[in-house]
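Q: One structure, as structure tokens, below. Some questions next.
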Amino acid sequence: MEENMDESQSQKGCKECCERCVGSLPWASLIATILLYMGVALFCGCGHEALSGTVTILQNYFEVIRAPGDVLDVFTIIDILKYIIYGLAAGFFVFGVLLLVEGFFTTGAIRDLYGEFKITACGRCLTAFLMVLAYLFFLVWLGVTAFTSLPVFMYYNVWSMCKNATSVEGANLCLDLRQFGAVTISEERKVCMGSEKFLNMCDSNELDLTFHLFVCALAGAGAAVIAMVHFLMALAANWGYLKDASRMQKYEDIKSKEEQELHDIHSTRSKERLNAYT
């Protein structure tokens, strides 16, 4: 009988421990962090490979050569974009960790509201700072999403031309890099439908793979935007909870001080009456 009671108590203790652990997790911040990491990883990985595929297409089918020296050409711009991708990957990894730590901090603060934990002004300032930072990064990712849609649109046009090349055999359509700003106006780098380079480009894997990589990068940027919106909602809720908790803590402190003062006054009067009686 005692063994059964001990087993039931141990099972109840494990169940309460699991419920306590699950309840203490900041699920909103955790889900937003996972979504942010997935979006950033998808954007950075696919974007980097898509830029490398763009370099291959420019060199193999449009015969664009890298300019000597420090001249700002399309290849230099692509290299700069790759470095920006590296910076985004590192920066948002750290930012996601900070937001997740803040979520754990706030969850512990709310749970221990009536305990010994004191909600400080530093914690509220940190939440407000991260909220402003998340809003700025939300605008950044909106710009990144809009910028990533441009190569998707351009590659979609090229991909559509390749798919419809057989149905428009009499048309004389050309792809001119001057229209996309990839080369200067004085250079003529174009590939026309029906030419051998155009057919080779359409039959190659580079064009199809690069187009779909840019689509995946756009999806990753969109996921990062959704994650930042999720973070903004979680931070705004945490800010409201911390503000209310701080007011409640001040009220409890004032109430305890008043009760202590009333107790001291009552004790002092009782002593005075006792001394007067004696």
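Cβ from N, Cα, C; glycine included.
What you are looking at is a predicted structure, and each value in this text was computed from that prediction instead of being measured.
Below are the features listed in TrEMBL for this protein:
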- 21-43: transmembrane segment (TRANSMEM)
- 83-105: transmembrane segment (TRANSMEM)
- 126-150: transmembrane segment (TRANSMEM)
- 211-241: transmembrane segment (TRANSMEM)
Q: Residues sitting near the transmembrane segment (126-150): Cβ under 8 Å, six or more positions beyond its termini, same chain?
A: 43, 47, 88, 92, 95, 98-99, 102, 106, 214, 217-218, 221-222, 224-225, 228-229, 231-232, 235-236, 238-239, 242
Q: Mind checking which residues of the chain, 6+ beyond the ends of the transmembrane segment (83-105), have their Cβ under 8 Å from one of its Cβ atoms?
A: 25-26, 28-30, 32-33, 36-37, 40-41, 43-44, 47-48, 51, 123, 126-127, 130, 133-134, 137, 144, 224, 231, 234-235, 238
